[in-house]
Amino acid sequence: MLRNRRGQMNTGEQSPVSTHHESTQENTEDDRLSEGDSQSLNGTSAQHDQGIYSPNNEAQSTAFFLLVVLLSFSTRLYKIMEPPHVCWDETHFGKMGSYYINRTFFFDVHPPLGKMLIGLAGYMTGYDGTYPFLKPGDKYEHHNYWGMRGFCASLGSCLPPFAYLTVLELSQSPTAALITAAVLAFDTGCITISQYILLDPILMFFIMGAVLSMVKFNRQRYRPFSAPWWFWLVLTGVNLSGALGVKFVGLFVILLVGMNTARDLWSLLGDLHLSLMDFGKHLLSRVFGLILLPLFLYVTIFAVHFVVLNKSGPGDGFFSSAFQSRLIGNNLHNASMPEYLAYGSIITVKNLRIAGGYLHSHWHLYPEGVGAKQQQVTAYLHKDYNNMWLVHRSNDSDAQSGEPDLVRHGDIIRLEHKETTRNLHSHLHEAPLTKKHFQVTGYGINGTGDPNDLWQVEVCGGRKGDLVKVLRSKVRFLHRATGCVLYSSGKTLPKWGWEQVEITCSPYLKETPNSQWNIEDHINTKLPNISLSVLKPHFLEILLESHIVMIRGNSGLKPKDNEMNSKPWHWPINYQGLRFSGVNETEYRVYLLGNPVIWWLNLVSLGLYVVMVAVASLALHRGVQLDKRRIEHCRVLMEGGGLLLLGWLLHYVPFYTMGRILYYHHYFPAMLFSSMLTGITLDTLLQSADLWLRPPYSHWLLRGGQAMLFLAILESFYMFHPLSYGMRGPLAHDPDSTMAGLKWMDSWEF
């Protein structure tokens, strides 16, 4: 009996069979068990899991929930049309919504669901997709933007109600749930980030939906395979696919649900009254609901994405030539061109590294101190006239009366940049960024150069005399003078290189995608053309390629020169916000910054939670006699609070390992978990007032503490609400400013 009870305390779960078995056993042991022993941590857990409410509690929680819904939607939808111009990242995600309406292909480092939903919201509310979203501050004028903002605000408005229901399930305390909802409903940061055309409210909607569905599913453990059990299982999987379909940050909530599911299955496996056949059913149902269904929906999102975006656009150059051949309007779509490379042809050369770019040059020179001060050669990710090159023989004898000679494996050629007439050139100067490689430049004029302009063509896997097939042959260019190979490093050049990709000549001759190229465009009027329709890739090929491009795009998001990179340790302390709109006194200013009272309360609550759990664990371990209510508090802290603490850690700690540029808004998913933990921690602390005072003083302390907490939240919201709803006139340092005296940290920029 003692072993069974301890096992249940660790898992917080009982099967119906084991509950019946234990109750029978307890009938024979009642005389031998003290009242304190019989009130184990899990004894009250059974009542909690079955969801026993008093009618008063049900009515109270319903009233609280309706109040939360009203406050949440009113705070998010208030002044939704202000300011009537593009704010912060609306310039990206509003533009991408337009691309979906116009069916124009583009590239983004995030999966497509969020942008698809923004585009759909705009389309359904009358937006025609013609606004260019060029830069922050541009006026919307007559364009219909309220639908996209309203959609994001509506999803953001669901966060406090979702958090309320989640904490109510975990704690069975309407007060704890109301504290959580108040923290989120009156946080200026959550309000601001929900009111604009951004991915964040959509992402957080699916994250909170997944957490709420998971908690609701856990509550159905006593009714396995019932309709509600299946409903919450399937809804959890749907929300997981939604979170991942908006941003890869959705992987963190998938990990949270996965760990909860593993713990759940481990508990079921340890239940000796559950047959292996029944356990197998539990396992397979979770595999279906939490793995196969989300995976199917996630792939479906991309299938819709590829079907809708079928026209050539600004994202073409990030993808392979075969990928581009499926886009209407791309020069490779249903195109025909000469099949084999020939002398005298005009070509573009594309690196086979995903997002490796086109071989490119322009009139700008390398700056002083960066190798030889000759013309820059880079890799450029977009279609451009400066990507064009002429293919010449090494001895300049291109003039031919009939059909031109074809280029073969082992031939020595010269590539002349069509626009500037300089030759592709390399020498022993070190490359700008990859110091162990050699610099590649444009040299000479009108095709006149020197022996360092000569390159040997090598068809990968080919033999001497093999022809170079356009699009299909993987080609390397070996520099004759130095023996190095033409190479796209993937590194982004500084501003002097227009932030294009570095091209080098690598002395390391191992075949890699960085040193492999294909001929994409091929113009030669003296050769017959063939159709390229056979090159169109299959769905799984473009799905894989799109993920490789997104992952490499994410890893390539490095801080630019003089660009501030937010640090993860800045976020919980509310060290610095983000300007959404305006800078000076004459502009309409919106500043993304969390309500400092709420954020610092969350931070204090994290510390309080650790102390309270340590004290509760010690008391239980030492066998301290606790009443049922106190045992229930311990259970809520350890199980419900532990789940939320794990969620906070999973959504926060990984950012310390990331090399990409980070921003303040990356913390908001973690802030959701921190706020829910605050509700449970502070409610448990206030409910423990009778530890220090006798009735009725303990009751007065409880009610007084709750009143002071809600008043502090409301007062701080009143003080800082201009951050969300807009500021005009003097800045915070001016005594006449609406924010005078509220710039509590020098790092705040309002």
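Cβ coordinates are placed from backbone N, Cα and C, and glycine is handled just like the others.
Database features, via TrEMBL:
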COMPBIAS  7-18  compositional bias 'Polar residues'
COMPBIAS  19-35  compositional bias 'Basic and acidic residues'
COMPBIAS  36-53  compositional bias 'Polar residues'
DOMAIN    338-394  domain 'MIR'
DOMAIN    404-460  domain 'MIR'
DOMAIN    465-522  domain 'MIR'
REGION    1-53  region 'Disordered'
TRANSMEM  196-217  transmembrane segment
TRANSMEM  229-257  transmembrane segment
TRANSMEM  287-308  transmembrane segment
TRANSMEM  597-624  transmembrane segment
TRANSMEM  636-655  transmembrane segment
TRANSMEM  667-688  transmembrane segment
TRANSMEM  700-720  transmembrane segment
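Stretch with the largest number of CB pairs closer than 8 A to the transmembrane segment (287-308), among 196-217, 229-257, 597-624, 667-688, 700-720: 229-257. Contact count against the transmembrane segment (700-720) (Cβ pairs under 8 Å) is highest for 597-624, out of 229-257, 597-624, 636-655. Same-chain neighbours of the transmembrane segment (636-655): 12, 41, 45, 167, 170-173, 207, 211, 215, 249, 252-253, 255-256, 259-260, 568, 571-572, 606, 609, 612-613, 616-617, 662, 666-667, 669-670, 673-674, 676-677, 680-681, 684, counting only residues six or more beyond its ends whose CB sits under 8 Å from a CB of the stretch. Proximity of distant same-chain residues to the transmembrane segment (229-257), defined by a Cβ-Cβ separation under 8 Å and at least 6 residues beyond the stretch ends, is recorded for 110-114, 199, 202-203, 205-207, 209-211, 213-214, 216-217, 220, 223, 285-286, 289-291, 293-295, 297-298, 301, 550, 554, 643, 646-647, 650-651, 654, 666, 669. On the 0 to 100 pLDDT scale, the domain 'MIR' (338-394) averages 92 in this prediction. Secondary structure of the domain 'MIR' (338-394) per DSSP, as helix, strand and coil residue counts: 3 helix, 28 strand, 26 coil. Mapped onto DSSP classes, the domain 'MIR' (404-460) shows 3 helix, 29 strand, 25 coil. Sorting the domain 'MIR' (465-522) by DSSP state (H, G, I as helix; E, B as strand; all else coil) yields 6 helix, 27 strand, 25 coil.
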